[in-house]
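Peer 1: Got a structure here, written out as structure tokens. Questions coming.
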Amino acid sequence: MALLGLDSLFAQTLFWTYVSLWVSCHLLIFQSRQPNSPAFNATSVVLLTEALKLLIALTLVLWNEGGFASLVRAVQGNRMLLVKYALPALLYCVYNNLVYVNLEVFDPGTYNVLLQLRIVLTGLLYQLLFSKQLNRHQWRAIILISVGCVVKESAKLSHGTDVMQADLRSWALLLAQMLCSVFAGVYNEMLLKGTGSGAVPVSTNLQNAYMYLNSVLWNGLFLLQQGKLNEALAPQNLSTVFTPSILAIMAIMSSVGMVTGFFLKHLDSVLKSIASAIEVVATTALSWACFGTPLDAQTLAAASLVGFGIALYARTPDRLPRNAALRDEEAALLKRDARYATQSEEV
């Protein structure tokens, strides 16, 4: 039985590459926040990273798919697909902006614990939009992995009353943030697994380019509306980006962007959520190994829950419930009898 149902070398490589890139990025970001690390403007990094993703995606299209003429033909044949990518790009931008809004109300620990509900929401939305049912073992695995993430983050919970003081609007904004993330991911998967709106086939590289073109535009509009665009593009802030550690973060984040497209195309949003849960535990373990951060009992318990959930996810149901099995058998008998009756009439 393949781990997580990843039954090919390609699927396994794709999954663990995605996890490894994210873990590496988290560790580099952690290192960049150390007291002796150079200061940098986070807004500039985000905007430049999105632009770099777009540049890489376009380069891959031109390199692998016949040059500029082929790119023009593909875009002309699939204009509506470019428009459709505006929605997930907008949702991701809204999600990123709601991070700051919600952290003004909830303490970081509470915020991270509540955000783990995204895994369950992803499973529900995946079933709704793709009309595919997760089996009971997969649902148990998703719940176990979610609980593992909650256990991991619960150590950061504030002992104050931030949660109790949050009003209905704050809870609604937190739910909106989770839904933005979940719906953007699942809708992006739908677009990647579709065939586009025209006669020209759409490659994953071109779809990545569509996604990040929209992302650059939405990020620019959000920064303009907030009055931060000039700050992000200011020479003194851009100059702080060109250090080895920040350039490495940008390179890894851009690679994650490319891999995510292939991940959603060949795997699915539920596995992407599970990969994110694995990142939480793996990053903590490697932070302990590399930076000496404390490793407590909660982290070990979380790792056990996530590990058990991963093992459980790939299991198939043991057998159909007895009533369901009888219904299937009766249906098969009725079909057989109807076929025999038809044959008798023909004779």
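Each residue's number is its place along the chain shown, starting with 1.
Yeah, the Cβs are placed from backbone N, Cα and C, and that goes for glycine too.
Below are the features I grabbed from TrEMBL:
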type: TRANSMEM; residues: 9-30; note: transmembrane segment
type: TRANSMEM; residues: 42-64; note: transmembrane segment
type: TRANSMEM; residues: 85-103; note: transmembrane segment
type: TRANSMEM; residues: 109-129; note: transmembrane segment
type: TRANSMEM; residues: 171-188; note: transmembrane segment
type: TRANSMEM; residues: 245-264; note: transmembrane segment
type: TRANSMEM; residues: 271-291; note: transmembrane segment
type: TRANSMEM; residues: 297-314; note: transmembrane segment
Peer 1: Take a look at 85-103, 109-129, 271-291, 297-314 and tell me which one has the most Cβ pairs under 8 Å to the transmembrane segment (9-30).
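Peer 2: The stretch I would name here is 271-291.
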Peer 1: Can you tell me which recorded stretch out of 42-64, 85-103, 245-264, 271-291, 297-314 has the most Cβ pairs within less than 8 Å of the transmembrane segment (171-188)?
Peer 2: 85-103
Peer 1: Would you call the transmembrane segment (271-291) and the transmembrane segment (42-64) in contact, using three or more Cβ pairs under 8 Å, pairs 6 or more apart in sequence?
Peer 2: no
Peer 1: What residues in the same chain, six or more past the boundaries of the transmembrane segment (42-64), come closer than 8 Å to it by Cβ-Cβ distance?
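Peer 2: Cβ under 8 Å, 6 or more out: 70-71, 74, 96, 203, 205-206, 208-209, 211-213, 215-216, 219-220, 223, 228, 231-234, 237-238, 240-241, 246, 249-251, 253-254, 257-258.
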